[in-house]
Amino acid sequence: MKPNSQGLKQRPSHDTEREFGGTLGALCIPILLPLTVMFLICVSRSPEASLLQWPPALPSTDQLWDPLALVLLLGWISLHALLYVLPLGKVSEGLVLRNGTRLKYPINGFHSLCISGVLLMLLLGLGAPLGSLFELLLPLAACAIAGSYLFSLYLYIRSFWVPSHALALGGNTGNPLYDFFIGRELNPRIGNFDLKYFCELRPGLIGWVVINLGMLMKEVELRGSPSLAMILVNSFQLLYVADALWNEEAVLTTMDIVHDGFGFMLVFGDLAWVPFTYGMQAAFLVVHPQALSSLGAAAIIALNGIGYYVFRKSNSQKNQFRRDPTHPSVARLETIATATGKRLLVSGWWGLVRHPNYLGDLLMALAWSLPCGFSHLLPYFYVIYFAVLLIHREDRDERQCRAKYGLAWDTYCQRVPYRIFPYVY
Ligand code: NDP
């Protein structure tokens, strides 16, 4: 590849507002979040499991490095890269890019999940000690974090060789620290292999449920059978991951794919943060078993069911409306016109609050923590973090929608005053 002069000369030509605290955020987040991952893993296996354990006991080098972890991680990513390129499932087009073209994406993430599931069952049948993932969690996370830095550096460097229309509008400020963090290139590809799309839902997300299964197997090793709490956590999170992959096509219209560049923020989020912190409840349960009554379990299942229903219905309604507004399931909904030609839903799920999908997601997040009881705060880390993330994300999205739709967006906000929680926020 030859450096592209346009790319090299890119200045902060787009007066974009800096996000995530600008340069300071870009300096602190890549240091603090990886430390948080390691801290949470260490704390979750300590007897106290207290988030207030400060300063935390530092893990030894032996605990952080295991060559097996590196081999497993590279093997796992290679397996998914192979599954990605297999001619399975359909091929979909993304949204129109700034240069008027559309990229093609394989929709075969659900196939990857199923094949991974079959391979895991075979390995278990052959006696593979999946429960050892519990001991390997720290070195696996260390490798994933180190890999995220290296991969982001590669993405940052290669972005200087692409034409300017291939850069994300918000990732081209000219400040190396910020651009490395937020991501310069919108859709980095090696041939037809889309690096951002690949990382978004595959190795990390499927890795998360494999780690959960490893924790369940560890419980079986320790106590003879999995607990009800562990089964619920595993099932809820498997449903969430399977749903994301079943509806993989919908990711093509999300902010991550359409708007954000591919830099440390997304790389680390996809490959390290999601698999190693989202499964914190299962890791916690290995060391802190919880008794759960049938009534308690039924209430938690109901909460997860309601959350899933709101999440799925609202996401599907918007996707359907954006794909085909004349479809019978959405044609009768009330809408308002915008100057862009696109319309905004003001009834149905999107008339309840401005982000009903976030509401459903948060109800599910709470249901994943409740099986861990009320004795510790740690298993609630995910729901607290996720509420902060979605409130921040909602704010980012509002700003983008206000810029896109102007007055029409203000009218929508007047008609639907609450953002995520009806009558609360
Ligand atoms: P959304 O699916 O919420 O999409 C936001 C976009 O929808 C807006 O930019 C706008 O785009 C369109 N829109 C907004 N309001 C309306 C309306 N009234 N009528 C029609 N279109 C409207 O974006 P996200 O990517 O944030 O979320 C997708 C899902 O992923 C959510 O369920 C979220 O909870 C989940 N998620 C999960 C995360 C995790 O870590 N587990 C992280 C982030 C998200 P336009 O008008 O241009 O179409």
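Yeah, the Cβs are placed from backbone N, Cα and C, and that goes for glycine too.
Packing against the transmembrane segment (20-44) from elsewhere in the chain are residues 50-51, 53, 56-57, 59, 137-138, 141-142, 145, 148-149, 175, 177-178, 180-182, 264-265, 268, 272-273, 276-277, 280, 283-284, 287, 378, 381: each is 6 or more residues past its ends and has a CB under 8 Å from a CB in it. The annotation transmembrane segment is assigned in TrEMBL to 20-44 (among others).
Sequence-distant contacts of the transmembrane segment (64-86), counting only residues of its own chain at least 6 positions beyond either end whose CB sits under 8 Å from a CB of the stretch, comprise 106, 108, 111-112, 115-116, 119, 136, 138-140, 142-144, 147, 193, 198, 202-203, 206-207, 210. According to TrEMBL, the transmembrane segment annotation covers 64-86 (among others).
Per TrEMBL, transmembrane segment is recorded for 107-130 (among others).
Among the features that TrEMBL reports, transmembrane segment is placed at 136-157 (among others).
The annotation transmembrane segment is assigned in TrEMBL to 262-280 (among others).
Sequence-distant contacts of the transmembrane segment (292-311), counting only residues of its own chain at least 6 positions beyond either end whose CB sits under 8 Å from a CB of the stretch, comprise 227-229, 232, 236, 239-240, 243, 349, 356-357, 359-368, 370-371, 373. Feature annotation from TrEMBL assigns transmembrane segment to 292-311 (among others).
Remote same-chain residues near the transmembrane segment (365-391) are listed as 40, 43-44, 49-51, 228-230, 232-233, 236-237, 277-278, 280-281, 284-285, 288, 290, 292, 296-297, 300-301, 303-304, 307, 355, 358, 420, 425 (criterion: CB distance under 8 Å, separation of at least six residues from the stretch ends). According to TrEMBL, the transmembrane segment annotation covers 365-391 (among others).
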Residues of the parent chain within Cβ reach of the transmembrane segment (136-157), under 8 Å, 6 or more residues beyond its termini: 30, 34, 37-38, 41-42, 59, 63-66, 68-70, 72-73, 176, 179-180, 183-185, 188, 195, 211, 262-264, 267-268, 271-272, 275-276, 283
